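TrEMBL has this to say about the protein:
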type	residues	note
ACT_SITE	E294	active site
ACT_SITE	D377	active site, proton donor
BINDING	H293, H297, E373	Zn(2+) binding site
DOMAIN	29-212	domain 'CAAX prenyl protease 1 N-terminal'
DOMAIN	216-429	domain 'Peptidase M48'
TRANSMEM	6-25	transmembrane segment
TRANSMEM	64-87	transmembrane segment
TRANSMEM	107-136	transmembrane segment
TRANSMEM	157-176	transmembrane segment
TRANSMEM	182-202	transmembrane segment
TRANSMEM	307-330	transmembrane segment
TRANSMEM	342-365	transmembrane segment
Amino acid sequence: MIDETFIFHGIFAVMWLEYLWESYLTYRQHQVYKTVDAVPPELADNINEETFQKSRAYALDKSYFSMVKGLYSITLSSAMVWFYLQFHFWEYSKQLLRSMSLPMNELLISCTFMIVTNSINMVVHMPLSVYTTFVLEEKHGFNKQTVGFFIKDQIKSFLVTSVIMVPLTAMAIYIIQIGGDYFFVYLWGFAMIVLLFLMTIYPDYIAPIFDKYTPLPEGELRSNIENLAQELKFPLYKLYLVEGSKRSVHSNAYFYGFFKNKRIVLFDTLLKDKSKDDDKGCENDEILAVLSHEFGHWQYNHVAKNILITQVNLFFQFFAFGFLFKYPVLYHAFNFHHEQPIIIGLIIILQFVFSPYHTITSFFMTMLSRKFEFQADFYAKSLGKAAYLKKALIKLHKDNLSFPVYDWLYSSWNHSHPPILERLEALKKDD
Ligand SMILES: [Zn+2]
């Protein structure tokens with residue numbers, strides 16, 4: 001019963017079902033943007049009519065564009081499967097190697113295949129990135145990238161992904177080749193080491209390739225943050241400011257690092273720009289409230305919990321892959337009749353066959369993340385920062401021109417952070 005035609009059609013059915021579901025949610029939210037045309041009473045004191053209408057126009061534009069994007073990407077994915085593009089790219093990679101008189105082994109073909117598909121991916125997604133940055137974000141005053149910065153950024157990210165992804169995937173293929181029946185255990189161990197390694201080197205070696213990180217200058221804010229960290233026994237090692245404003249003016253803050261080496265990064269857009277006379281950015285007390293929220297994530301071990309879930313999830317996927325990747329019908333469905341390259345098996349199984357599994361797990365992860373956000377807010381509140389956090393949330397919301405009202409179904413599916421009204425409501429409770 002489960003033959004290649006069944007798999008071929010099944011993959012299509014799942015792809016389109018997911019697309020229709022997401023489109024339905026986008027449509028629901030689109031109706032909200034269209035019909036809600038007044039500031040919600042909870043925000044009436046802080047957000048004026050003009051800002052609200054601006055945020056509504058921005059939301060509508062983004063919503064239209066996300067429909068176009070959805071249609072574009074489902075068309076591309078359908079074409080990928082329908083025209084056996086993976087198979088053609090694979091054959092093309094062999095040809096490339098042949099033309100350069102390089103040896104013809106699976107590892108080398110796989111590496112070439114990855115570079116070929118990455119390049120094509122970058123090219124087909126380019127129009128979307130260009131439109132997002134230079135039309136959509138530009139129109140609403142968020143884009144701070146010049147054409148030169150954008151091009152450099154794209155090239156850098158292509159090179160960095162290739163330099164990291166190609167050898168790692170080659171390693172994984174090699175482990176599967178030589179690992180025997182229990183290769184999934186070794187593969188899992190390898191994935192864990194890679195993840196921890198990347199998390200360690202990312203902030204110091206990779207992130208600075210893209211943005212400029214400088215120590216937060218001495219002053220009131222810095223000593224306030226250091227004092228708060230000390231009070232809470234947060235092992236603050238370094239305090240950085242990142243030039244987010246080169247990229248866009250959407251603002252944020254986060255912390256990272258293991259054990260005693262925690263670093264905090266503040267986006268310069270979170271801070272008030274003293275040279276400009278606008279009401280953007282937060283006061284020191286508000287920034288401290290935002291950081292108290294971040295300290296909450298640390299206090300409740302949210303990062304460690306997420307790593308643990310990721311690892312369990314990976315183990316399950318590799319284990320299932322260990323069974324499935326030997327079935328020839330899976331490869332036949334993608335027109336591979338004479339060989340079963342491991343990298344193609346990885347794509348077919350992890351990307352296509354597991355697609356419904358990814359959808360469900362990512363929904364649960366979204367739910368969990370919202371729970372974590374509420375916990376972190378609650379922590380900030382327990383430090384007596386509720387009032388400042390509320391102010392900061394509203395300000396950031398305003399600076400980002402976020403739309404405040406969401407369809408519940410759309411929101412529970414898409415938002416890893418609860419919408420502002422829910423957060424304000426939760427902060428208000430038993431005040
Ligand atoms: Zn958070």
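Glycine residues also receive a Cβ, built from the backbone N, Cα and C atoms like all the rest.
Bear in mind that TrEMBL entries carry predicted annotations, made automatically and left uncurated.
Keep in mind that this is a model prediction, so the values were computed, not measured.
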- Task: Compare 64-87, 107-136, 157-176, 307-330, 342-365 by their Cβ pairs under 8 Å to the transmembrane segment (182-202) and return the stretch that comes out on top.
- Result: 307-330
- Task: Would you mind checking how many other C-beta atoms are within 10 angstroms of the C-beta on the residue listed as 'active site, proton donor'?
- Result: 25
- C-alpha spacing of H293 (Zn(2+) binding site) relative to D377 (active site, proton donor), in angstrom: 5
- For the residue listed as 'active site', the same-chain residues 6+ apart in sequence with C-beta under 8 angstroms from its C-beta are A253, Y254, F255, I264, A376
- Contact set of the transmembrane segment (157-176) with the rest of its chain, CB cutoff 8 A exclusive, min separation 6+ beyond the ends, reads 106-107, 110-111, 114-115, 118-119, 122, 183, 186-187, 190-191, 194, 198, 206, 209-210, 325, 342-343, 346
- Query: For the binding-site residues listed here (H293, H297), which one has the lowest count of neighbouring CB atoms within 10 Å of its own CB?
  - Reply: H297
- Among 6-25, 64-87, 307-330, point out the range having the most Cβ pairs under 8 angstroms from the transmembrane segment (342-365). 307-330
- Task: Report, as a single number, how many Cβ atoms besides its own are within 10 Å of the Cβ of E373 (Zn(2+) binding site).
- Result: 21
- Query: Using an 8 Å cut-off from the Cβ centroid of H293, H297, E373, can you name the remaining same-chain residues around the Zn(2+) site, in sequence order?
  - Reply: E294, G296, H302, F372, Q375, A376, D377, Y379, A380
- Note on the structure: Same-chain residues at least 6 beyond the ends of the transmembrane segment (6-25) with a Cβ under 8 Å from one of its Cβ atoms are 67, 70, 74, 77-78, 81, 329-330, 333, 352-353, 355-356, 359, 407, 409-410, 413-414
- Note on the structure: The average per-residue pLDDT within the domain 'CAAX prenyl protease 1 N-terminal' (29-212) comes out at 91
